[in-house]
């Protein structure tokens, strides 16, 4: 088995109900913690746990469970490992046909199957031998590993009173190893969770490798849908046993001892009262008062037949009826004398074959392993814890309601002091915390009422301010509306101006085109004028030549001279007219250039005006949009304040 906690808490299922604390014989084995969500979870301190199994039985939420070696046993059998099985006498009670279960195990490869009842006979024989030979006055029987755990961890002063003889389980294993010379691994088919501690204990020499509980074995058979009823019946391989099978029921050891010692003082005790008795026994031994010869003590109220590793679905009367029948069959007659004679024969066999030293058991004081760190608080420490838990009066300190899981407020305070519990697990503490919170809530309510009154006043002022604001918003809205209307008009006027300017621009363009046309015609006219001047000059030259020729001709050329003079006059007049026209033309060109310059300037100004008008139009649009946005925000503001 892995070195891990045997009994464990499923924290997801734990609701912190404290039932496990209430039933645990050793409160130190449980530690209450508060998780990050404020939920209480009860966890196990494994070193302090004696594995009594009560927390598993009492938990309604299935938050406690345990591990055993069932799965590992079947895995190793599949691998072909050599294994011998020893079965507790309680197998007769927990399996309707246990012989078929033995047949099932044999079919899987188990070598031998031994009845631990045979080992119980060895245990009884050895007990009687040491009681007689060593003059033992009082001894605590140790077949129950839970009781051994309790004494080793919490009552180490009683270790010397524990039986010096091994339990039936170990006696069976010793017989197999030392006398039958088996080298197989040994698996114990067990009714007990705590047997794992005995198996692991340094004082049992590692004789057994598996603790396979009835409950987990039943689960394995069911989960794997194994039909055990179809298996053959198999008998145990050990020699016939006597009354050792009675060990599995309350007082079983007592019954065996009583068959050999008449009127022996034997204390039989089981269940939760066993721990109270052990504590009382310790006090009696310390004070040297009389104690029984043998204390036959078991953790489980109904013995091993309904042990911690069983399904617990049996009726104790049915079990007793079955075991009584077996007892009657073994004695053949109801005569105690007849039965004793058979036992004597068995013990003679043991005397001849067995060495008592092989079956002696030693124990270890384990109280130092995480146990003694639980300290007893001083009076001052108790007072500090009580104060933390709102327990200020003697009545508060002795409510003892047990809701925390402890039998008294003092035990709870001790647990809180040692870090094993939290004040929040105390109902009284929670009640007082609620009272404190209630007072805080009342104070807050009063403060809140004052604030509500102030808020009511402020609310009234707010309503008044809202009315004023509404009026202001209405003014703003109306102003913006008027502004919007004016903007619409301005926008329309701007559009009209744009149209007018566009028309002017068009007229200027046409004027320029006309001027360009007139200039072109003037240029042609100027060319013609120049040609006329040139012709006039040529005519004038011809006239001069004609006059010269007329003078040469004399009287005959006089008439021609007159004509030449007229031609000259015509030429001069034509030239003068052409020159005058050219001057007028140049003046017209100057004026036309001036008109052209004015037209160009007009175009530039119109272009600038167009840009400015576009800017104005854009600005008007932006102002209009901003106005609309302001109006919407103002209306929304009023709605928010009204809401």
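From the backbone N, Cα and C atoms, a Cβ is placed for every residue, glycine too.
The coiled coil annotation in TrEMBL covers 431-461. For 4-35, 40-69, the entry in TrEMBL reads domain '4Fe-4S ferredoxin-type'. Residues or ranges marked as domain '4Fe-4S' in TrEMBL: 381-443. Taken from TrEMBL, the feature domain 'Methyl-accepting transducer' covers 430-643.
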Rounded mean pLDDT for the residues that make up the domain '4Fe-4S' (381-443): 83
Helix, strand and coil residues within the domain '4Fe-4S' (381-443) as assigned by DSSP: 41 helix, 0 strand, 22 coil
Secondary structure content, the domain '4Fe-4S ferredoxin-type' (4-35) (per DSSP, counts of residues): 8 helix, 8 strand, 16 coil
The domain '4Fe-4S ferredoxin-type' (40-69) - residue tally per DSSP class, helix then strand then coil: 8 helix, 8 strand, 14 coil
